[in-house]
Each structure stands twice: as structure tokens, then as C-alpha cells.
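> Got a structure for you, written out below as C-alpha cells; questions coming shortly.
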């Protein structure tokens, strides 16, 4: 009898799953197909083809895919190779507390599949739950003064390292990374800063005092270590994360994922001090063969006069973790990170770590998330970049390094525990 098993059936999205098929004919060719319906009703699909061993088994931890959406030994390939049925759709989790993503995995006889359409019922199937929050994590809506967001607290009395989580130009409130960080032991504040509730849809300036209030709010919490907070930032959020690290003594560890070393778009203001954005070169915006916009050439930080717009990163006292995808088509993130590191070196600083991933794109998400290489954002068809397999490897490695970095620099005396 053919059986399809998965362990665990219900897990956090950053946890691997062991999938195995048994009871097959020795050396039978089979196809594993996965599907997921997101919160908007959009479908995502993946497939991979395998040959059973002499015992009639296919163990995805050891077997090599011979075709489909990936080839080789990739135990979690069915997850990170999911592709949207509707082009330019990004998989986003909004409701992290109440509903997991459900991934259906079905097993077919490969000979019965013609033109990628299933010709008969699956030989076996199962449904997996992929959660963005662990049991016991609490979510507290934040509406204190100007602050808008959601605070996620791990189970237990604490104390916990505190982290502020910042996304980019999409706006609104994205909680999935903060909820996962809380599931891994961090008190995590998912902080909105535009296009959410009563916050401006398109702010004219970035007010750094707002983020200072967020840092103080987190440090005041009785379950949070009071020695300093961390920041995890991506894209547009990176320019804010950098400024926080420079100007706020409360920030002691900053993760910068695919961002710039200068403000862009709008000025930054802090206690009356104005930092103007680097002008962009609109003529350098390009469109690729698929009609997707590529923005990574639009900021020229080596041009005459550009240095006045760069952040004085050498003034920061905390630690930096730069994470860059070398295949990023939205921001020239590797060049910007290397330029920032060059500033630090020239000032005798060694408070930085660089993780640079060949083949990874702009949207480096938690492990096993599907690559989104392009999507429609604010009516723009943007090319984010990335290649499926190296991007997946980057996500898995970076997530571990982010947690290690934050624990090392946010938990007092953690070095004595290593």
C-alpha cells in the first residue's frame, strides 16, 4: 500500500519537514506536487519528479529530484520552489496568529501525467500546516502615543532580547518576521511607519524621533533586557535602521538586508537636523525583456558630491550585520554595503559582518519561503531578482545568522554561554 508521510505535519515555517513515500513499485517514477492557497485566494504550485529506490521508497531527505521545478537533493524544495499561478504575485502572510498556511502535497504516478496536467487521482496525499507563530507567543496591538504596530512576546517571564522589525516601501504592517522572531525567543516589535491606520500614506519626511520612541517603548517593557535593542530592517527600512544605529544609543545591534547607505526619496529629520536624500538618476531606470522595472542602477554613490548624502556610519557604536543578495535587481545592495564597510574601515572600526550571497535576490525572507523574483508593488512591475536554489540557500543560512547575531549582541554576557 502506497503511503505518503511528513514529519512534522504542523510546524513553524522556518522548520524543515521530512517527506517520504513508501509502498511504491521498485524504481517507479513518481511526481510530488505541492499547492498552497494564500489569504487572497491566489494559488501557488510546485512539482518534482523522483525515481523510487529498490525498496519502493522515495525519501526527500536523500533522493535526488530528476526534474520538475528543481533538480538534485533538496528536502524542502517543494516549499521554496512554489510559484504563483497568477504572475507577479508575492506570497505574504498577514494573519499570523489565527491561521497557518496549508500546503497540500500529492503523489502521482509520473506516467499518468501528460502536459503537466494530472490524468488521475493521486496515489496519496496529505496536508501540512505552516505556522508563523509558536504556541504561547502573545500578540499585543501597539497604539501608544504616535506608535503603531504589534508587539510579539515569547512565552515565559523573560527577560528577552528586544528587536524592532522594519519592512520597506510596501507600507502597512507586516508581522510575519516579528512573530517568527518571537517564536525563537525575541520580544519583537513589528513597527509600521507609513500607510497604516492614521499614519501618513506618503510621508514628506522620515521623523527619526518616531523610531526613538519605539526603542524607548521596547526598553521600558518589563520582559525586555534594558541594555539595548536590536533592529532588523530590509529595503527602505535599512536607511531607517542605519540612522537608528547612528543616532540612538539604545540601538546596539542592527541587521541590514538589501538596503542603501544613504536616505532616498524623502529627507530624514532628527531633532531639527535634516539629512537630505541622495538624488536619483531616473534615466538609469531600466526595463528588462519581460517588461519588469530594474532600479538598482538609479543611485550613483560614486558621483561627485554624493558623499555628502551618505550616512556617517562610523559614528555608530553598535554592531552591524549586512546581508546582501548579489542578484538584487532593485537596489545595488552589495555596492552600498561595501561602501558603508569601507567608511567603517577608514575610521578603524571592525563592528560589522557582511554576508553576501551569490544568486540571491532582493526579498530575502525566512527559510523555505518561495522566491519572489518579481511582483506588482504600488502599480509598478518590479524585478526583485534572484535564482531559486541559491536564493533558498541564502534564506536558510541568513535566518540562522540573524538570530545568532542578535543573541550575541543583545543578551548580556551571552559570550560566557557560548
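Glycine residues also receive a Cβ, built from the backbone N, Cα and C atoms like all the rest.
Sharing the record's features from Swiss-Prot:
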type	residues	note
ACT_SITE	235	active site, charge relay system
ACT_SITE	328	active site, charge relay system
ACT_SITE	362	active site, charge relay system
MOD_RES	125	phosphoserine
MOD_RES	416	phosphoserine
> Taking Cα atoms as reference points, rank the active-site residues 235, 328, 362 by distance from residue 125 (phosphoserine) and give the first.
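Checking each of 235, 328, 362 against residue 125 (phosphoserine), the shortest Cα distance is to 362.
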> Among all the protein chains here, how many other CB atoms are within 10 A of the CB of residue 362 (active site, charge relay system)?
28
> Are there residues of the same chain, six or more positions away from residue 235 (active site, charge relay system), whose CB falls under 8 angstroms from its CB, and which are they?
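Expected: 167, 168, 169, 257, 258, 259, 330, 331, 362.
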> Just counting, how many other CB atoms are there within 10 A of the CB of residue 328 (active site, charge relay system)?
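Cβ-Cβ neighbours of residue 328 (active site, charge relay system) within 10 Å number 29.
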> Within 10 Å of the Cβ of residue 125 (phosphoserine), how many other Cβ atoms are there?
13
